[in-house]
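Annotation comment: TrEMBL describes 296-318, 360-386, 392-413, 434-453, 465-488, 516-543, 549-576, 588-607, 619-647 as transmembrane segment.
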Amino acid sequence: MGRAAAVGSPAIRTVFFFTTITIFFFSRNALSFYLPGVAPEDFRKGDPLNVKVNKLTSIKTQLPYSFYSLPFCHPDKIVDSRENLGEVLRGDRIENSPYVFKMREPQMCNVVCRITLDSKIAKEFKDKIEDEYRVNMILDNLPLVVPIPRQEPESPPVYQLGFHVGVKGQYSGSKDGKYFLHNHLSFTVKFHKDEQTDAARIVGFEVTPYRLMVVLYYMSRFSVKHEYDGKWSENTRLSTCDPHAKRTVSVSNSPQEVEDKQEVIFTYDVAFQESEVKWASRWDTYLLMSDDQIHWFSIVNSLMIVLFLSGMVAMIMLRTLYRDISKYNELETQEEAQEETGWKLVHADVFRPPSNSDLLCVYVGTGVQFLGMVLMTMVFAVLGFLSPSNRGGLMTALLLLWVFMGIFAGYAASRLYKLFKGTEWKRIALRTAFLFPATVFSIFFVLNALIWGQKSSGAVPFGTMFALVFLWFGISVPLVFVGSYVGFRKPAIEDPVKTNKIPRQIPEQTWYMNPIFSILIGGILPFGAVFIELFFILTSIWLNQFYYIFGFLFIVFIILLVTCAEITIVLCYFQLCSEDYLWWWRSYLTSGSSALYLFLYATFYFFTKLDITKPVSGALYFGYMLIASYAFFVLTGTIGFYACFWFTRLIYSSVKID
């Protein structure tokens, strides 16, 4: 009867209904809603379609290179088409290409160019094939994808970005490894046709998947050693494929080897396929996840568990605090007051400024800046403004929001600084504006130097570096000073109780209240709330896959906020009950320690999911994950600090202090 009454109570039903509606709304938002990012363009039959090329990418090296870093066919004049700061930081190199289609006019065996390999060029191609580099192209803002069929016959295919430069294997009956170049591309352009105007919009850009077989004699839709009669000229007709004779590339053709003095002819086919998919929904198929069932189950399961634990913790805390406050307020005699124990006993020391209080103010202000940046980014992403069609949009939004949130960083740091009786607000503003950005910029500069050494397109050029410095010094730093000035002009926050001049001696603590132990324990639950989503984020970043489930991510972020706040409050309450009043830094470190588990998980992910072997690539991975963990520490630590700050002020203002 008791369980039935608890489950059927109006409060529980209301919470369950609200949670269900929230999951439904954000999951629908995550899977289907986005703004396409560019205005639709109508193409009529015969209109030119210009294919653009992007960077070469590899999940083995994580070092992008320009498409024309290899001697592929190129137009007479190469034009850079990058549009925003985020694209440059991502290493994108969007340029024009010699591949030009005509709308709804199929082409067969169209010759692009002919080159002859020397030993140096052959080695460059072999190195890129060995590292499994993929070629990325763009048509009408849609990336080129390779559809990979799933095991379930009726399930839609999984799309992989780009196609491999080549493949390594051997002929049938041979043990010698050979490198083969993908020199023949078979494109498929999907379009949605307007029956009234006969105009069409592009809704898909695919390349025919090659068959992954060990015996390369039977695998040659991409790698073809073209043959022709006589001497080469612009009018030479190939014997391996001929549009005049309607002869296409067949599996009987030999693949194109990569060796010194080998002649390579690059060709392509283009087919047009009408689709029922409308232009506004053309990204839906790209965003389908290969393991969406596991993702759904994991997110919902994690949400339910954390909500249940949060509810239990909240009920325990409220009941315990209510009993303590009632008990303390009923103490009337002097003897009873002298025998009081627990958190009330340290009321005269609990608001004593901590050691290194200036540094704490700086980190709290930086955390507020991060919190504002993440919240605004989540809002824009959930509303669809940061769709993957807007390349570099997410990176650009993060940078700009970080810069403009500097005013809140200065305000929060100076308010806390004034609470600690500080007087030099300019110094605290300067440290807030420089401590975290300078640390991150130093690591980023070293990593960028490593990328420069590899001659990768991922290296940030000098002009972009100057733009980043301008954003920092020209906008962020002044805003931090403005926020600090405004915050310091406000009246100081008053403590609910007075602080003694002589600090109270802290009694010896039990082993489980040891600061290091309690801090490490406190970071487990916040990390447990996000580690499932962290797997998908790492996969999208380091395995070059799409990530557009911001609805789920927003739910997980809210869970993270609640979990950080509650676990910090619980451990802070136990700490005060054991008459240890040094809670300022411990509240920050308790929830901030989840960043340690994040970095350890990133290390586990590196050795179990990635195939990175080069030292430079490993340094890039751990360098960027160190920056991410540092940012996560600042964010979660600030959440825990403010939760404990609010909690202590609440309980000590609720009891009668003589």
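In case you wondered, yes, glycine gets a Cβ from its N, Cα and C as well.
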Spatial neighbours of the transmembrane segment (360-386) not adjacent in sequence (6+ beyond its ends, CB under 8 Å) are 26, 29-30, 33-35, 354, 393-394, 397-398, 401-402, 405-406, 408-414, 416-417, 420, 422, 428, 431-432, 435-436, 480, 550-551, 553-554, 557, 584-585, 588, 631, 634-635, 637-639, 641-642
Six or more residues out from either end of the transmembrane segment (465-488), which same-chain residues have a Cβ under 8 Å from its Cβ atoms? 85, 365, 399-400, 402-404, 406-415, 417-418, 425-426, 428-430, 432-434, 437, 441, 448
Given a Cβ distance threshold of under 8 angstroms, which distant residues of the chain, six or more beyond its ends, lie next to the transmembrane segment (392-413)? 37, 82-90, 92, 361-362, 364-366, 368-370, 372-373, 376-377, 380-381, 385-386, 428-429, 432-433, 468, 471-472, 475-477, 479-487
Are there residues at least six beyond either end of the transmembrane segment (434-453) with Cβ under 8 Å to its Cβ atoms? List them, or say none. 63, 362-363, 366, 459-460, 465, 468, 472, 476-477, 616, 619-620, 623-624, 626-627, 630-631, 634
